Amino acid sequence: MTFRNCVAVDLGASSGRVMLARYERECRSLTLREIHRFNNGLHSQNGYVTWDVDSLESAIRLGLNKVCEEGIRIDSIGIDTWGVDFVLLDQQGQRVGLPVAYRDSRTNGLMPQAQQQLGKRDIYQRSGIQFLPFNTLYQLRALTEQQPELIPHIAHALLMPDYFSYRLTGKMNWEYTNATTTQLVNINSDDWDESLLAWSGANKAWFGRPTHPGNVIGHWICPQGNEIPVVAVASHDTASAVIASPLNGSRAAYLSSGTWSLMGFESQTPFTNDTALAANITNEGGAEGRYRVLKNIMGLWLLQRVLQERQINDLPALIAATQALPACRFIINPNDDRFINPDEMCSEIQAACRETAQPIPGSDAELARCIFDSLALLYADVLHELAQLRGEDFSQLHIVGGGCQNTLLNQLCADACGIRVIAGPVEASTLGNIGIELMTLDELNNVDDFRQVVSTTANLTTFTPNPDSEIAHYVAQIHSTRQTKELCA
């Protein structure tokens, strides 16, 4: 029997993991084993919110070395991370400045400035990317305005996954799916947009032309001396997660649920019309030339911060207590910029409820209930927006990623959206990473072929909508109120 051993390095905003995948060609089975899991998080350094890329690199190398120490022959390695953030290098490949995180406040006020100076519609027509205040476009503008002394030293700007691939191989690459998240790639040419780059203040020479997933960047020399190919996978973690979403037919939507929730659908063509612009829809690059038409939702970041501030260690117990509470007593907009990185998330949630004359969530369970209900309602709104955009309703929603283990939120989502929810796989980004590696090794034909493997090997759970649930009645009441207002307008 023929085996392939592929390693996925999957870095998220709150944790990272090195995973070993074993693929059996004859029976088309795929098994995952966690080799090394480690924490990731924000740090304060010289007045900036930053990432500790040295610690992350050490953890990656530790995980890879563990695989080699077991005597396993690695066939390939792939790295995926979050989007928009970058590392600057000089001509010798040494870092310039700090690896600033997207939650830093340095970009405050720059997005409206860009819209005024370049035109909101023009930016959107060029990039097809949603307006988020921390997009790379605004981060680079902040850098060039606030730290001009760094500019003469910069020779290269590498996005996070490309930086770690460079550290392993010594070769530079600019992978397409992640590059599109910057709001700097022209949606028609798939290359860096010169007008947007000019506004950012960055030099085009800092970047190489984006390359699509599936090429070998270079090789990592393992401790035993073997050269192991490092593959340019779909290096934006959501792009990898979508590859591993077992989407079945054109009426399937996906929700990649983690620190961020990203809801969308696959399309062969982008959506950049007025409706898409008004809804702030993004058209991020995917594998095989597909577009990930989606919308960012703040996601479980709010819960992560509450758990941290309240020092809650038993999440299952919290969810059980939350489930016993009535629904929809405390509703916030999770996508409000006030929740990007407040000093105290609990206080910020309570303030938002107070300002809208709602009861104030005080207990741990009440805060969690507020977050879960608010997310489910926002999921329903976004799914409706996406259906209107493409002119066709969805028949099912695939929730993938770590957040799909939250059965309460899955059921709330099914009830609020009125749609069948299929939860799983949990390690979607890792699996999608592995999928591209296997295609590069000529073990699989394409993304659809890989999804068949996922469908037969992953643990999937179905949640059926309950029209009699509290949140379903709440949604129906909102829709009725909206229709009445429209008739009376």
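Cβ atoms are placed via backbone N, Cα and C, with glycine included.
DSSP assigns D237 (active site, proton acceptor) to a helix. D237 (active site, proton acceptor) counts 31 other C-beta atoms within 10 Å of its own C-beta, drawing on all protein chains shown. Taken from Swiss-Prot, the feature active site, proton acceptor covers D237, and the record attributes it to sequence analysis.
The DSSP secondary structure for S14 (ATP binding site) is coil. Cβ neighbours within 10 Å of S14 (ATP binding site), excluding its own Cβ and spanning all shown chains: 17. What Swiss-Prot records for A13, S14, S15, G16, R17, T259, Q304, G402 is ATP binding site.
Per Swiss-Prot, substrate binding site is recorded for G83, H236, D237, T238, N296, and the stated evidence type is sequence analysis. DSSP classifies G83 (substrate binding site) as coil under the three-state reduction.
Counting every protein chain shown, 16 other Cβ atoms lie within 10 Å of the Cβ of C68 (disulfide bond). For C68-C222 (among others), the entry in Swiss-Prot reads disulfide bond.
In sequence order, R329, F330, I331, I332, I349, C353, P361 are the residues near C370 (disulfide bond), counting only same-chain partners six or more apart with C-beta under 8 A. Taken from Swiss-Prot, the feature disulfide bond covers C353-C370 (among others), and the record attributes it to sequence analysis.
Within the same chain, residues at least 6 positions away in sequence whose Cβ sits under 8 Å from that of C417 (disulfide bond) are A376, Y379, A380, L383, L397, P465. In this structure, C417 (disulfide bond) is part of a helix by DSSP. Taken from Swiss-Prot, the feature disulfide bond applies to C413-C417 (among others).
Cα-Cα distance from S15 (ATP binding site) to D237 (active site, proton acceptor): 12 Å (rounded to the nearest whole number). For the substrate site, the Cβ centre of G83, H236, D237, T238, N296 serves as reference, and the other residues of the chain with Cβ at most 8 Å from it are W82, N178, T181, A239, S256, W260, L262, E284. Under the DSSP three-state reduction, N296 (substrate binding site) is assigned to strand. Between the two most distant C-alpha atoms of the annotated ATP binders (A13, S14, S15, G16, R17, T259, Q304, G402) there are 18 Å. Shown in sequence order, L255, L375, A376, Y379, A380, L397, I399, V421, F463 are the residues of the chain, 6+ apart in sequence, with a C-beta less than 8 angstroms from the C-beta of C413 (disulfide bond).
Taking the C-alpha positions, the distance from G16 (ATP binding site) to D237 (active site, proton acceptor) comes to 11 Å. Comparing local CB density within 10 A for the binding-site residues S15, T238, N296, Q304, the maximum falls on T238. Annotation for the binding-site residues G16, G83: lowest Cβ count within 10 Å of the residue's own Cβ, G16.
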